[in-house]
Amino acid sequence: MKTLIALSYIFCLVLGQDLPGNGNSTATLCLGHHAVPNGTLVKTITDDQIEVTNATELVQNFSMDKICNNPHRILDGANCTLIDALLGDPHCDDFQNEKWDLFVERSKAFSNCYPYDVPDYTSLRSLIASSGTLEFINEDFNWTGVTQNGGSNACKRGPDSSFFSRLNWLYKSGNTYPMLNVTMPNSDNFDKLYIWGVHHPSTAREQTNLYVQASGKVTVSTKRSQQTIIPNIGSRPWVRGLSSRISIYWTIVKPGDILVINSNGNLIAPRGYFKMHTGRSSIMRSDAPIDTCSSECITPNGSIPNDKPFQNVNKITYGACPKYVKQNTLKLATGMRNIPEKQTRGIFGAIAGFIENGWEGMVDGWYGFRHQNSEGTGQAADLKSTQAAIDQINGKLNRVIEKTNEKFHQIEKEFSGVEGRIQDLEKYVEDTKIDLWSYNAELLVALENQHTIDLTDSEMNKLFEKTRRQLRENAEDMGNGCFKIYHKCDNACIESIRNGTYDHNEYRDEALNNRFQIKGVELKSGYKDWILWISFAISCFLLCVVLLGFIMWACQKGNIRCNICI
């Protein structure tokens, strides 16, 4: 019993000791940063996954499923390909003299005129697309001795047989087809594009019926180039009731140059020229609908916002677009390292500083103070250090966007079958570029995240050191981001520490006196906890012993009977 009384006395003495921050002559001031219950994982140079309070997604991985008609001028090809619109297919007459920033070709587009081929289809398509216009100027060519404006039932304009509106099909007049020699100088100050063709009859009889000669020849020349085409007579697969074909060619005539056309048959002559423009217009294959909205960046999937530096929607883009990368997600840290707050603070509910954990619920700043003094507890943010961190983090996203956004469009790459090896090489180069950009993007984001975390940690340390320099010997660093202040420090005193007007000399004598008095009797918190738990355990043990002794004594006296049945 004496032991029990002694342990109880020790327990009471321990509880009676003044705890840091609980007495009238001391106070506790802790520094900390805000935290959230569930942070965001980001990647840094040193860590694959580190939790931060805030992060911004840098990869745009979905489109609007529609193409915006602003600020770019979009021309919907509908049922027409760009080449059909160029040649003047009857069902594409609405496209004459049209202009565009982006010509959108649809999968439903079809040709509905004389069957033709373009030996270098992709180059012509790209040339017209980049010009951004179908502006056409008619010219008076002198085709003496032949019949003009040939037509076909395979190319109807309304109920009548017709032909491509930008081409002039020449055939014999009477029973003659003389040698044609026509010149057309370019006296203007811009490039002129002439489209012409060669007719390939399906039989020798068709050849002589149209052109008299058994074999024709077409030569088109400028000072810089010459093309000579001999028709290839023979049957081909039937298309719209015809087994003959037309091959389409083009010639660019520079200012001061001259166009010369020589032919003794099979010529599909130009009616004029297309005025060439230089610009950043382009063409894209897409079935996304065109709608009234605004977006700088367009992909075949639809328009996408360009407020992120990277995108994973499509390699092919037009406009000011995010850089294409392989990653579906890259997160940029825009907050500090997140250490969720511990819900329990030990047996006495003490406050803790940033070294132990962050503080949830601190919404008015990133860094701040918590205190316990004779007037109670309180919390306030430190706006200066918060603003210093925010100022350095703000603009990170914009700087990354500036470094990575495409200023030009990434066009479709197409090659003919003859250029298969070039196509393979181009694909390899494009894939390598994407791999490099994907790696660079990941490295760039990891570096920025490392910098953000280091700088936010640095601001916390700066605030802690600033507070330490103010308090000097008037307080003791408790090792957890808190200071034990050895003098009476009311709310006004705490506020002076926060705003940097604290005068340590004013409290120096009181602090030294209290420090010596408290140190003389204070048990270190670690030993105090041990004594508390040990005394509690022994007290419980002795209580059990006393209770068991009482039961045995009662059994001996007959006051308690215990029956054991088997």
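Any Cβ shown, glycine's included, is placed from N, Cα and C.
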- According to Swiss-Prot, Cys80 takes part in a disulfide bond; indicate which of Cys68, Cys92 is its partner. Cys92
- Message: Let me make sure I read this right: Swiss-Prot says Cys293 forms a disulphide bond with another cysteine. Which one, out of Cys68, Cys489, Cys493?
- Response: Cys68
- Across all protein chains shown, the glycosylation sites Asn61, Asn142, Asn181, Asn301 give the max Cβ-within-10 Å count at Asn301
- Task: Based on Cβ atoms within 10 Å, give me the single least packed residue among the recorded positions Cys155, Cys297, Cys555.
- Result: Cys555
- Give the helix, strand or coil assignment DSSP yields for Asn181 (N-linked glycosylation site). strand
- Item | For Cys555 (S-palmitoyl cysteine): DSSP state (helix, strand, coil) | helix
- Counting other CB atoms within 10 A of each CB, which of the disulfide-bonded residues Cys80, Cys293, Cys489, Cys493 comes out lowest? Cys293
